[in-house]
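Structure record follows, encoded as structure tokens.
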Amino acid sequence: MVQRETWATRTGFILAAVGSAVGLGNIWRFPFVTGEGGGAAFLLVYLLFVALIGFPAILAEFVVGRKTERNPVGALMELGGSAWKYVGGVFVLTGFVILSFYSVVAGWFIRYFLEGFRGSYGSLLAGYEGAAAEAELPEAAVMFGDVSTGLDAFVFHTLFMAVTIGVVALGIRRGIELAVKVMVPAIIVLLVGMAIWVATLPEASAGYSYYLSPEFGVIADNWATLLPAAAGQAFFTLSLGMGVMITYASYLGEDRNLTRDGTAIIGFDTGIAFLTGLVVFPVFFSAGMTEPGDGGPGAIFVSMTEAFATIGGGHVLGLLFFGTVSIAALSSAISLLEVVTAYVIDEKGVDRWKAALGMGGIIYLLGVPVTYDLIFLDLLDGFADGILLVFGALMLVILVGWIAPKVAVEELEKGIGNLGGLGQAWIWAIRVPILLVLVITLYLGVEGYVGFLTGDFADWISANL
Ligand code: TRP
């Protein structure tokens, strides 16, 4: 057997994992689900979820990948037996569903980036003045409504998917590592700069208190919706629950300290999401939008274009921001298509080009309805985050906690040394409390999704068909 390829540089793995984790989940999804969840209450539940469940779960994916040195489906079967191929099938399906809408949203970022070459963001918004007055909405909200669906959205979805397929088909890993190396620091510098500027806005303090001071009563009253929403966001943003981290860890040397790498990845990812919130909410309140939940999937676009239209140098900052996020989205999209493609290559023996093009093509088609109406965004996103990712994480927890705990602890200890009681603490945390929380979350997620199907979605169908 050929020696399996490992990461070329010590930082290669971290870069690829951070590149996968940091993406639209942090910049686009985090602020709007936080808004919908009521702000600070959501933030707190989300942070707890990341620390108490995301961290043990990412370690579980790491050990499974590094131990088996295989693609997610093969890895699950090696540790769990052949029935686990169905769980692997769910992983692949999850990749399909997520990437389909992800590509449409990434297309919006590319569009906003390219718009910046036609004029400043201020002059762009001025073009929406009349329509905005009529609709009694900020110009930026009207602009988002205009570009987020229809032919424009379709074209940019096509463009983004074509690039993603191209990169995966060519197997360009090196280019991506380099891009991540530049992009992550760039995003952090940009967001920190924006956060400082935003603090000078007139209604900044209203934004901060909405985002940062949780009312515990709100959490107690809403836990049944907060829990699945926070869980879905945590798994989505960390790229957990569908085998991306299994895949990346399968190329990893045994000398790596997995807890340290996991902490770094989670730290970057969570930090970037948190910073995004620090920018978005003060802008929202200062623009007179006091119900941040109403922003929906447009929240980041509305608040950022508002900001770039007012701020000195906003034109350049805007180009930088939308451009960088587009690249961040690409590095995440690649990880999604890579898992699906690698599986088809391994299992069906087709070559890389055919696999990437075939799978990417189907995913592309699945995303097209989203460019027609945003109800399809809820349909796909809700299924993936509310159900599929939580299910994937639950299966992983069962595998590591109950089926192969000994192997898992031994694997975790490689590169760290004897963990003593800590290894056992990890296993027991996974086995009982985390497993229970995931079962409850999955139940609530299914319930919420069925509610959507029979409610909003059924209404939409009867109104439109
Ligand atoms: N984590 C990425 C983001 O926040 C999205 C992503 C990439 C993902 N790979 C994934 C989500 C695997 C879930 C599973 O944008």
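Each residue, glycine too, has its Cβ placed from N, Cα and C.
According to TrEMBL, the feature transmembrane segment maps to 7-28, 40-65, 86-110, 153-172, 179-199, 230-252, 264-285, 319-345, 357-377, 383-404, 425-446.
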### Query
Mind checking which residues reach the transmembrane segment (264-285)? Cβ under 8 Å, same chain, six or more beyond either end.
14, 17-18, 21-22, 25-27, 30-31, 34-35, 39, 43, 47, 50, 54-55, 58, 184, 187-188, 191-192, 194-195, 198-199, 201, 203-204, 206-208, 210-211, 237-238, 292, 295, 299-300, 302-304, 306-307
### Summary
Long-range CB partners for the transmembrane segment (383-404) (under 8 A, at least six residues beyond its ends), listed in sequence order, are 53, 57, 60-61, 63-64, 76, 79-80, 84, 87, 90-91, 93-94, 97-98, 228, 231-233, 235-236, 240-243, 427, 430-431, 434-435, 438-439, 441-442, 445-446, 448-449
### Message
Does the structure show the transmembrane segment (86-110) and the transmembrane segment (179-199) touching, where I'm treating 3 or more Cβ pairs under 8 angstroms (sequence separation 6 or more) as a contact?
### Response
no
### Task
Determine which recorded stretch among 40-65, 319-345, 425-446 has the most C-beta pairs below 8 angstroms with the transmembrane segment (179-199).
319-345
### Query
Hey, does the transmembrane segment (425-446) touch the transmembrane segment (40-65), meaning at least 3 C-beta pairs closer than 8 angstroms, sequence gap 6 or more?
yes
### Task
Report, as numbers and ranges, which residues of the same chain sit near the transmembrane segment (230-252): CB under 8 Å and 6 or more residues beyond its ends.
4-7, 13, 16-17, 20-21, 25-26, 29-30, 33, 37, 42, 45-46, 48-50, 53-54, 57-58, 61-66, 68-73, 75, 88, 91, 94-95, 98, 258, 265-266, 269-270, 273, 332, 335-336, 338-339, 342, 384-386, 388-393, 396, 438, 441, 445
### Query
Restricting to the same chain and to residues at least six past its boundaries, which positions have a Cβ under 8 Å from a Cβ of the transmembrane segment (319-345)?
16, 19-28, 71-73, 88, 91-92, 95-96, 98-99, 102-103, 105-106, 109-110, 112-113, 116-117, 160, 163-165, 167-168, 176, 179-180, 183-184, 186-187, 190, 194, 239, 242-244, 247-248, 304, 308, 351-352, 355-356, 358-360, 363
### Query
Apart from its near flanks, which chain residues at least 6 from the ends of the transmembrane segment (357-377) lie with a Cβ under 8 angstroms of it?
96-97, 99-105, 107, 148-150, 153-154, 157-158, 161, 164-165, 168-169, 296-297, 337, 340-341, 344, 350, 456-457, 460, 464
